[in-house]
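TrEMBL has this to say about the protein:
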DOMAIN    1-67  domain 'Ferritin-like diiron'
BINDING   Glu5, His40  Fe cation binding site
Amino acid sequence: MVNMELTASYTCLSMAHYFRCDNVALQKFLKKQSNEGNKHAEELMKYQRKRGKHISFQDIKKPEKDE
């Protein structure tokens, strides 16, 4: 779950920077979504540590299309 949140956050941040000049409203929305994904991942990690679980991170794969 943590990796899914971090992947979503990374994707939103990447898209926000792609739209940085074209669409300011979309850029702000995507940055906000990225920050929320990071918060969710942090909360999940805190919960897992509290429950005595080990946190393991996985690689975030590069998107297939880079356009």
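Indices start at 1 and increase along the chain as displayed.
Cβ atoms are placed via backbone N, Cα and C, with glycine included.
Around Glu5 (Fe cation binding site), a 10 Å sphere centred on its CB holds 19 further CB atoms from the protein chains shown. Around the Cβ of His40 (Fe cation binding site), a 10 Å sphere holds 17 further Cβ atoms from the protein chains shown.
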